[in-house]
């Protein structure tokens, strides 16, 4: 009662309070405001953007040290950003990419490095085909209802990789594929969850590709502008440095309290923060047991994002685009992309330190990380110019107390089938957004927009402003960034796996042996 009186006396009465000023929370608030709903956003940091963050200084002009990439089929973020007046540009892949493996560099073009060993090729082909086929069985909006959900959720991705792959090279690349896509280790994540994650991003090729894939484009001026421009539209309805510590929905209205003991009264709440961070909030009444158990079981991925700036794009002298896939346990960086500005100015290479490597290298001083990265680039690109950067930026997302890591929360084995179905189920008058609750491109900015707008429409439905059938809306394809259908050749669809080839050889050998025995028997009977 005392909290309610404080909130009312301060005039802090709203229809909806949104917890979290990232893209998901702000896209929810924007939609609510457009429907003449009195909304307030409470953000813990001194900035908006959440896991997107555009740093600006004289050395870089602007740089995305958090989420940055958009591409075809990510139609919601493309629509929203266009509405906000933002433009995209394509990440440079005009020159060749480089694969670094076993101490040697191999230039290539396309989404995946080529495989010349015929046995390894069969293994790689079967890996991608099997993962995509398994994903087709998993409903994007309810992975726990997949026919093999229980079986696959008991397995780690390491278990599945070991089961599918015959060759060491395929197993190692599959492990790297997990590291790159979800910033965690194959032994940490549920096979069901990872297969779902890849499926809802459009499959193995779409999620991993630059051209026609999830990394095709960036925003001119940085992705942080999405949140910043929504904040400009909302004005004083966004409050920074207001970490929420208490949510009381035991009375007629909900009381939300912040760390500085401000109180706000509302009818509904949207939680648009990573699931694990809701453990920082005290709830009255307590969260239901399944929800409480879920938020304790969804760790965040580990990543340090690193941008190395040079006087010139020296890698282009060798017809390299700046994108590298690095398979080396001692290498700090696992994958890179060109991070130069759209006009080619401020040449830079962006690299990810991922999963176990992020944990290991976080212990070093920043200058030592910089040195190790430069030495790696010199080796992979075959140029001493890599040792002479003019500037270095990095962001260790693991040390962010209001993110806990990046890109996204992951599901360890057994959690999806046991608790996953409550991920976006409302708790009383509290609704849940955040990219983790999305059904398309979860983990990306696209998923954040989907989740935020869906949560907003759920509340608009409760307020009688939106029909129930309009809570989940299909998004039209972007006309500016159309998707090209991903197709597979006859051989990619039909080549046997290594195991299948061995069975064919074994069967053929048996038939041949049987034919020889029969032939010799006939010769004997004739004589």
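Each Cβ is built from the backbone N, Cα and C atoms, and glycine gets one as well.
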Stated Swiss-Prot location of transmembrane segment, expressed as one of 477-497, 498-518: 498-518
Least surrounded among the recorded positions, given as 374, 406, when other CB atoms within 10 Å are counted: 374
Distance from residue 406 (S-8alpha-FAD cysteine) back to residue 383 (phosphoserine), taken between C-alpha atoms, in Å: 31
Residue 383 (phosphoserine) - helix vs strand vs coil (DSSP): coil
Inter-residue C-alpha distance, residue 335 (site 'Important for substrate specificity') and residue 406 (S-8alpha-FAD cysteine) (nearest angstrom): 16
